[in-house]
Every structure is written in C-alpha cells, then in structure tokens.
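Worksheet: one structure, shown below.
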Amino acid sequence: MSSSETKGRNEEDVAEIKKAIATGAVKDPSNLSAIPPIFVVSGANFSMNFLLLCIQSSVCCACVFAVKKLGIISFRDFDMKDAKMWFPISFLLVSVIYTGSKSLQYLSIPVYTIFKNLTIILIAYGEVLWFGGRVTALTFVSFIFMVISSIIAAWSDVQSALASSIPGASSGVSVGAMQSLFGALRGLNVGYFWMLVNCLTSAAYVLSMRKRIKSTGFSDWDTMFYNNLLSIPVLAVFSLIAEDWGRENLNRNFPAETRNFLLFAIAFSGAAAVGISYTTAWCVRVTSSTTYSMVGALNKLPVAASGMLFFGDPVTVGSVSAVGVGFFAGIVYAVAKNNQKKNERRQAADAIIPMASRKP
C-alpha cells in the first residue's frame, strides 16, 4: 500500500472517530472511558469489541476489589442469590451493545442517533407503567425538540444516502440500478429491525436496572460491582461465538509493534470506567431512568460544539442549529422537571394539612 493510500485511510479513521464521539456511537454507559477505547478501536483492523469490553469489565472489578481491600469503599460480598437476580440486567446490557453494533452495520451513525433519542420517550412511558411516573406536556415537548435536534444533525447524511441509493432520472432505470436500490432497501430493513430491537433492549435495560436497584436495596457500589462482574461471562461467550479467535485475526487486532501499548490502553480505560459505572448507578437511583437517558443524549452536544470550536469540524447552519435546538431541549426538560417537583411538593403539603386549617 502506498503512503498516500495509508494517509487517506488514517484520515478516514480520524474522521469516523470524531463523528462517533460527536454522535455518541458508543452506547455502553459502563464503559465510556473516552480516549483509551477510542484509540484501541480506531485501527482499521480492530474487530474484537466484545473481548475489549470483557477485559475492561475485568479490570474494573479488579480495581474495585483492590480499593475495597484498602478499606476506602465497602460493598456486599458476592452472593449467588443477588447474582441470579442481577444477571438479566447484565445480559440486557450486552444485548444493547450487540444489537447496537448490528444496526450500525446497516444504518449511518446520525440515523442511529435519531432512533436512540426516540428511546427516551419509550423509557419515559415505561416509567409511567412501572413506577407510576408522569409525563407532563412540557416534558414531552422537550423530547420532541431533542428528536428534532437529531434530525437536523443527520439531515445532510440522510440526503446523501438517499441520493447515492436512488438512480437519477438522467441515467435511466437499469437492471443493475434497480438491483442496487433493492439491495440498499433490504439492508435498511435489516438495519431498522436491529434498531428496533436495540431500542427495546435499551429501554428494558435502564428500566429493569432501576427496578432491581429498588428491590435488592443495592448501593451504588453494589450496582457497579455486579453489573461489571456478571457482564464478564456474557461478554466472553459473545466474543467466542461472534468473533474470530484465529491466530491471523489476533495478530491483526493486536499487532506485535503496538500490542503492549494497546493492552495498557484497554487496562487504563477499564480503570477509568469505575467512576463512570458508579455515577451511572447513582444517577439512575437518585433521579430516574428518563433523566439518565436525557443526560446521555445531552452530553453529545458539548462534544459536538467543541469539535466545531477547537477541532476544525465544519460549522454549518445545520450543525449549529442542531446543537442549539438540543441545548434548548435540555433547558425545557430541566424546567419541566422543576415544575413537576414543585407540584409534587405542593400536593404532599396539602395532603398533610388538616382540612380545617387550610386557607380558602
């Protein structure tokens, strides 16, 4: 391969990494450790993502065990009864990762992000059914603005995808063009199927985790520990089944010249995931599944804005509008939740004041 081809591939890799960061292509909340995993998976030949996540979870558990031995933190000792209750949550987490990777094989990252943000609405109404939550009109408006933000950000990519798949009128409708179009539509149908499964498993994971935290009385460290520990065997099985463990593929994923640094980066990202896993459990426990998902959608916006300000990403009307509408959606959601809390406190106060003492 010539040096110019190598340079071109590297530039494409960098562009894809920045795109993934800005749109939140990585969807595992317990393993988002920023730069180290991005470095590992950014190589054109890296394909063993389940192995990567398995090693990260193992390192995460080892770090927590070490800190517990030092007496800095405390959490429950491993209990088989608790493990059986929590295992479905860990399995759902791995299912979210797998279905997300399958849908990304057929759909572009912006389209994927639109549907992931639609999951927020699914989670909100799941909380209504499971936890007696309430979706106010203003909260629903914030969901709509978040989806609009994603559509604006993805519009140029959607247009280019449609233009490339639909033959132009001037070129005529040939058999090859029609076959190409039907192939693209077939791929989209498969992609939308995996996307639907991903949205359902994502909602089930977040809602089930909150429900299980309440039923088991887990602390944040308990949640973090069991989530990572029970993910290890599931990730290992997925890796053995879905990934190529041949010598040639292992050498391609872990080349000898960078192997030690790659393993160090994976280990470092696993250690960094401790804080992210803990704060994830804390957020779901003290707020709600909907708020956690909304924050997950909002955290892409500062990254996208910094990409335009500091890293040379193209500043267009669409990109600026998408970030602006997204921030507006966050403000509307915050106002809606604040108003909802005030109403709940007012209703609670009215419930405990005797009728004779109430002012007209």
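For all residues, glycine too, the Cβ spot is worked out from N, Cα and C.
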(Q) Sharing a topological domain in Swiss-Prot means sharing a membrane side, so do TYR106 and VAL286 qualify? (A) yes
**Q.** Result, the transmembrane segment (50-67) in contact with the transmembrane segment (261-281) (3+ CB pairs under 8 Å)
**A.** yes
Q.
Is it true that the transmembrane segment (315-335) and the transmembrane segment (187-207) have 3 or more CB pairs under 8 Å, sequence gap of 6 or more?
A. no
Q: On the DSSP side of things, how many residues of the topological domain 'Lumenal' (242-260) fall into helix, strand and coil, could you say?
A: 10 helix, 0 strand, 9 coil
Q | Recorded stretch that, among 85-105, 111-131, 135-155, 187-207, 221-241, has the most CB pairs under 8 Å to the transmembrane segment (50-67) | A | 221-241
